[in-house]
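To keep things clear, I will list the structure first and then write my remarks on it.
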Amino acid sequence: MLPNTGKLAGCTVFITGASRGIGKAIALKAAKDGANIVIAAKTAQAHPKLPGTIYTAAEEIKAAGGKALPCIVDVRDEEQISSAVEKAVEKFGGIDILVNNASAISLTNTLETPTKKVDLMMNVNTRGTYLTSKACIPYLKKSKVAHILNLSPPLNLNPLWFKQHCAYTIAKYGMSMCVLGMAEEFKGEIAVNALWPRTAIHTAAMDMLGGSGVESQCRKVDIMADAAYCIFKKPKSFTGNFIIDENILKEEGIKNFDVYAITPGHPLLPDFFLDEQPAMVTKKADSYGAVPELKEEKTQPPPKARSGAVEETFRIVKDSLSDDIVKATQAVYQFELSGEDGGTWFLDLKSKGGNIGYGEPSDQADVVMSMSTDDFVKMFSGKLKPTMAFMSGKLKIKGNMALAIKLEKLMNQMNSKL
């Protein structure tokens, strides 16, 4: 991992969403230099399912060698942002670095995204980033080491990244467009850049999206903290860049990336918005039967599902059903399968003992999954991760995403039997 150099000693770093995850990791990295950290986040009281508050984060920052100012901030609230900025300036004398980390996510298509979720993502991601930057900029302009760092992706206009989750993409790209505009607007005064991970990072959000076992396909938050630290060390002239964590660390001489892996040697899940995957990710993903999202398939096409493979898969699923599984799941799934042995199938995990069958379910499905028969068999046999299938466009989901994630647990139980 990247060693600290003391470069940020005495600097004041304002970080949104710093009570946990990547935001807290960046805070702790800076704290090791003796930086002043403003923890601008909503969590003042412990969440029943998520670890950490602004106050527990403050204690960790102090233990790491930094000074901490916990501030209750919902980035949708302009008054809370302004108040936190004023407190930071009063306590530490100014602001040197701003990290716009707070973000909201919903990986749902247009018709399945409630207006409330659209507003949340737009107001947290785009508007929150813009307003926090606006509030900090007058003080950043006075700093000799001024940086704004948005945790947002490169502006990739490939339609793939819009069709599955249009609202989320627009909201994240709004953060990236702040980089594009502000880097030019404040050139010479403030370095404005974006940072994005090459692979999935293990956070509470990733656990929610990927379900049980996804952590083995992720890297630790430390890789993003180290990459951010590299950026903070650069001069103001380093601006307007869309940086990938792995790339900048390679430039710093880091060669062993297994130290960042949750499970060293395990194939990693590529993150959103990146068309090209490094050879390491592609090779490891292929060895597990997965296909990165836009890998060009110049090799032989995947073999078709053997005759009756879908029926056999459902038979094994049915034999494995139990009242406990039904009780834990409580959902009806409908599968729209294309290709050989295709058609409409259902998996009823609401009725006593569970049930499967060909055709539409008698009750309305909670989740409708559309994919090829080949990918269906691969998913239930563990050769294709549902998260990877969804990200690559191989799997389309309509309905309740939380219930869709529950199905992955059942798939994991099938792996040893298929």
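FYI, residue positions are counted from 1 along the chain as it appears here.
The backbone N, Cα and C atoms fix where each Cβ goes, glycine too.
Annotated features in Swiss-Prot:
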- Gly17, Ala18, Ser19, Arg20, Gly21, Ile22, Gly23, Lys42, Asp74, Lys172: NADP(+) binding site (BINDING)
- Lys42: N6-(2-hydroxyisobutyryl)lysine (MOD_RES)
- Lys116: N6-acetyllysine (MOD_RES)
- Tyr168: active site, proton acceptor (ACT_SITE)
- 306-415: domain 'SCP2' (DOMAIN)
- Lys318: N6-succinyllysine (MOD_RES)
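Swiss-Prot feature annotations superimposed on the structure.
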residue: Gly17; record: NADP(+) binding site; Cβ within 10 Å: 26
residue: Ser19; record: NADP(+) binding site; Cβ within 10 Å: 27
residue: Gly21; record: NADP(+) binding site; Cβ within 10 Å: 23
residue: Gly23; record: NADP(+) binding site; Cβ within 10 Å: 28
residue: Lys42; record: N6-(2-hydroxyisobutyryl)lysine; Cβ within 10 Å: 20
residue: Asp74; record: NADP(+) binding site; Cβ within 10 Å: 17
residue: Lys116; record: N6-acetyllysine; Cβ within 10 Å: 9
residue: Tyr168; record: active site, proton acceptor; Cβ within 10 Å: 24
residue: Lys318; record: N6-succinyllysine; Cβ within 10 Å: 14
Please report the distance from the Cα of Gly21 (NADP(+) binding site) to the Cα of Lys318 (N6-succinyllysine), rounded to the nearest angstrom.
39
Could you tell me the C-alpha distance between Gly17 (NADP(+) binding site) and the residue listed as 'N6-(2-hydroxyisobutyryl)lysine' in angstrom, no decimals?
7
Just give me the nearest neighbour of Lys116 (N6-acetyllysine) among the recorded positions Gly23, Asp74, Tyr168, Cα to Cα.
Tyr168
Restricting the comparison to the recorded positions Lys42, Tyr168, Lys318, which residue's C-alpha is spatially nearest the C-alpha of Asp74 (NADP(+) binding site)?
Lys42
Would you kindly give the Cα-Cα distance separating Gly23 (NADP(+) binding site) and Lys42 (N6-(2-hydroxyisobutyryl)lysine), rounded to the nearest Å?
13
Can you tell me the CA-to-CA distance separating Ser19 (NADP(+) binding site) and the residue listed as 'active site, proton acceptor', as a whole number of Å?
22
Under DSSP, the domain 'SCP2' (306-415) has how many residues in helix, strand and coil?
48 helix, 29 strand, 33 coil
What is the maximum Cα to Cα distance, in Å and rounded to a whole number, among the residues Gly17, Ala18, Ser19, Arg20, Gly21, Ile22, Gly23, Lys42, Asp74, Lys172 annotated as binding NADP(+)?
20
Distance between the residue listed as 'N6-succinyllysine' and the residue listed as 'active site, proton acceptor' at the Cα atoms, whole Å?
36
About how far apart, in whole Å, are the alpha carbons (Cα) of Gly23 (NADP(+) binding site) and the residue listed as 'active site, proton acceptor'?
20
